[in-house]
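K.L.:
Once you've had a glance at the structure underneath, I'll fire off some questions.
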């Protein structure tokens with residue numbers, strides 16, 4: 001059996017159950033139709049680490065067990081968990097800085113950039129977030145072809161250098177170049193390979209492993225704002241930023257030593273797909289298209305006349321957008337849903353401190369600490385949903401967490417200004433509760449989006465498809481923060497419009513994820529998808 005056949009065989013057995021699992025979960029339903037490029041629909045009743053007999057229910061033919069699954073995805077062991085730990089330290093450094101942008105935004109708006117509007121300052125952080133995700137279109141295919149080592153090393157240089165030069169910046173364009181561009185590029189070079197490398201080592205436990213690694217971003221989002229807040233009055237803002245830079249350097253040295261891909265996946269990059277694989281994919285998609293006629297025009301993957309082979313060959317030649325991915329409506333809907341999540345998620349991260357300090361009139365120390373409180377909730381939000389997702393389905397869990405964020409924004413953040421001005425304790429209480437709960441819900445935006453994308457693509461193409469997705473998502477991160485800042489300017493410093501913009505983004509994301517889940521897993525909400 002070839003590597004390509006091995007990689008495809010688990011996806012054609014997605015409804016397999018052991019007799020013991022059926023006895024303990026008699027009522028549980030699983031998706032019985034998936035596309036050939038799916039990572040399997042997963043729950044506690046499905047294991048891809050054992051070569052046991054699996055059978056498809058219904059009319060599908062039984063496929064022989066694949067004894068090499070345990071070699072394809074170790075699902076644990078020292079090497080695999082060291083990769084997760086390396087990714088964890090990389091996330092502290094890269095996404096820890098991303099989760100600290102609210103501290104930078106508030107300080108710069110009050111000091112070096114006090115003569116600029118919120119919208120103008122917002123472009124610095126919008127460009128930073130944009131480059132952090134936009135680079136995936138270049139970095140994903142490079143990762144697929146060459147692995148993570150060179151990318152992580154280059155990202156370390158850019159991230160640390162950007163922070164060090166940021167510490168001595170004074171003018172608007174200084175901050176745009178050092179933080180917006182250089183630090184953003186470093187984050188992008190680190191983030192994509194750090195997450196994608198985990199996909200080489202885990203399949204069944206992928207949601208849990210990525211969720212565990214991405215908690216590092218929340219840890220950084222707790223520690224870095226507190227360091228800057230505590231160190232600035234004592235040694236100045238410049239040295240506070242340098243201290244953070246040195247911490248990031250130490251963390252990235254660990255990440256460079258531990259993160260690595262698996263050569264069998266790197267060697268089997270998309271360009272190595274055989275014609276027979278294309279035929280398998282084409283036939284399976286054609287069957288699925290008859291079940292979902294209203295999506296039929298989008299569901300024609302591959303071909304028997306060699307077009308798919310030509311496409312993959314062109315992918316191998318250069319780092320281009322894989323537009324063929326959008327023929328799959330699940331990928332299209334998922335990408336739009338992630339775009340809307342990222343459109344809204346950075347608004348509280350950027351403006352929560354300013355909202356508390358300037359609009360609610362709460363103490364400065366408390367306002368800066370809110371970001372650390374939010375990231376405390378995010379630690380659990382990035383970890384627990386990953387465990388739940390492996391049991392009830394990745395898209396099901398994403399729908400729940402997006403709904404949770406929407407409720408928290410409308411029920412807590414929106415009415416927080418209605419608390420009496422002299423009731424400082426009441427305003428503090430509602431902001432603490434909002435920060436914790438929103439941090440918990442929004443944490444899934446980082447930890448679950450990679451596994452949702454991974455569920456609808458072949459592991460060998462994961463870096464490319466993930467990069468393609470975030471190429472388009474990056475335009476949401478580019479515009480979200482400046483739009484929010486401009487809303488504040490146009491409403492004379494009021495934040496109500498900004499909060500409603502955040503809520504509207506979550507409403508749109510919820511609708512598109514529901515649509516993606518229905519297309520991929522059917523209308524039954526008991527289906528694990």
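Just so it is clear, glycine is given a Cβ too, placed from its N, Cα and C backbone atoms.
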K.L.:
Under TrEMBL, which of the candidate ranges 40-63, 208-231, 280-303 is annotated transmembrane segment?
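P.N.:
It is 208-231 that TrEMBL annotates as transmembrane segment.
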K.L.:
With TrEMBL as the source, which of 307-330, 331-354 is set down as transmembrane segment?
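P.N.:
The range carrying the transmembrane segment annotation in TrEMBL is 331-354.
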K.L.:
Mean pLDDT for the domain 'Major facilitator superfamily (MFS) profile' (82-520), as a whole number?
P.N.:
82
K.L.:
Can you tell me which recorded stretch out of 150-169, 208-231, 237-259, 366-383, 469-489 has the most Cβ pairs within less than 8 Å of the transmembrane segment (175-196)?
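P.N.:
Per the Cβ count, the answer is 150-169.
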K.L.:
Look at every Cβ pair spanning the transmembrane segment (469-489) and the transmembrane segment (366-383), keep those 6 or more apart in sequence, and say whether at least 3 of them are under 8 Å.
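P.N.:
Contact between the transmembrane segment (366-383) and the transmembrane segment (469-489): absent, because fewer than 3 Cβ pairs are under 8 Å.
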K.L.:
Out of 150-169, 331-354, 366-383, 395-414, which stretch has the largest tally of CB pairs under 8 angstroms to the transmembrane segment (208-231)?
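P.N.:
Per the Cβ count, the answer is 366-383.
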